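Contents: one structure, followed by commentary.
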Amino acid sequence: MIEAAVSMSALGLGLGLLLGVAARRFHVESPPIVDAIEGILPGTNCGACGYPGCRGLAEAMSEGAAPVTACAPGGRDVALALAAIVETDGGGGAVPGMAEAEPTVAFIFEDHCTGCMRCFKRCPTDAIIGANRQIHTVVTDACIGCNACIEACPTEAIVARVKPKTLKSWYWDKPRTAFEARGTEVAA
């Protein structure tokens, strides 16, 4: 019994050391811009952008093959942060190809749901709950708004709705200046 434990421990230690040496010897440095872009992306690896995960999108953005608006779950805030890194600012804080919109979540009309499980399988964050041939519903706190489930639904029972404001997601509006409050403009 002790011989087996000692031999397994020695084998584990030897293979661990071998993996450590291989990791150092065959390490490939990634460009720092790719790491910076990947750090800004949500990291859900949902594939809504059409790339294999957030790392693939970050590599494509660093090469200029993908627009900064490709990440739908990240929304406008992520697109603005990405525009600052890849230096494609649309001018004045605007991001080309992205309107300023409220975040959305999926909503299932339960009377149209057939329980086919296609939306359940496509959801990258497991925000849809339900069983086979049973009614499904969406957990709004877990939904990232990637709309993958909407495309997968054969009965069009899923729609995108504006994310409801809760105490977790509510923020004060940006204060207006005195000129904006009076409706006057500053003379140039």
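The backbone N, Cα and C atoms fix where each Cβ goes, and this holds for glycine too.
Quantities reported herein were computed from a predicted structural model and do not represent experimental measurements.
Feature annotation from Swiss-Prot assigns region 'Hydrophobic' to 1-23.
Per Swiss-Prot, the feature domain '4Fe-4S' maps to 29-88; the stated evidence is sequence analysis.
Within 10 Å of the C-beta of Cys49 ([4Fe-4S] cluster 1 binding site) we count 22 further C-beta atoms, all protein chains included. Summarising the annotation, Swiss-Prot assigns [4Fe-4S] cluster 1 binding site to Cys46, Cys49, Cys54, Cys71 and lists sequence analysis as the type of evidence.
Here the domain '4Fe-4S ferredoxin-type 1' (104-133) has, by DSSP, the following mix of helix, strand and coil residues: 5 helix, 7 strand, 18 coil. Among the features that Swiss-Prot reports, domain '4Fe-4S ferredoxin-type 1' is placed at 104-133.
Residues or ranges marked as [4Fe-4S] cluster 2 binding site by Swiss-Prot: Cys113, Cys116, Cys119, Cys153.
Look at Cys146 ([4Fe-4S] cluster 3 binding site): DSSP puts it in coil. Applying an 8 A CB threshold to same-chain residues 6+ apart, the list for Cys146 ([4Fe-4S] cluster 3 binding site) reads Thr44, Cys46, Ala48, Ala72, Pro73, Pro124. Among the features that Swiss-Prot reports, [4Fe-4S] cluster 3 binding site is placed at Cys123, Cys143, Cys146, Cys149, with the record citing sequence analysis.
Marked as domain '4Fe-4S ferredoxin-type 2' by Swiss-Prot on the basis of sequence analysis: 134-163. Among residues of the same chain six or more beyond the domain '4Fe-4S ferredoxin-type 2' (134-163), those with a C-beta under 8 A of the stretch's C-beta atoms are 42, 44, 46-48, 72-73, 75, 102-110, 112-128, 169.
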Close binding-site residues near Cys149 ([4Fe-4S] cluster 3 binding site), where close means Cα within 10 Å, chosen from Cys71, Cys113, Cys119: Cys119
Alpha-carbon spacing, Cys123 ([4Fe-4S] cluster 3 binding site) to Cys153 ([4Fe-4S] cluster 2 binding site), which is rounded to whole Å: 11
Cys46 ([4Fe-4S] cluster 1 binding site) CB neighbourhood, other CB atoms within 10 A: 21
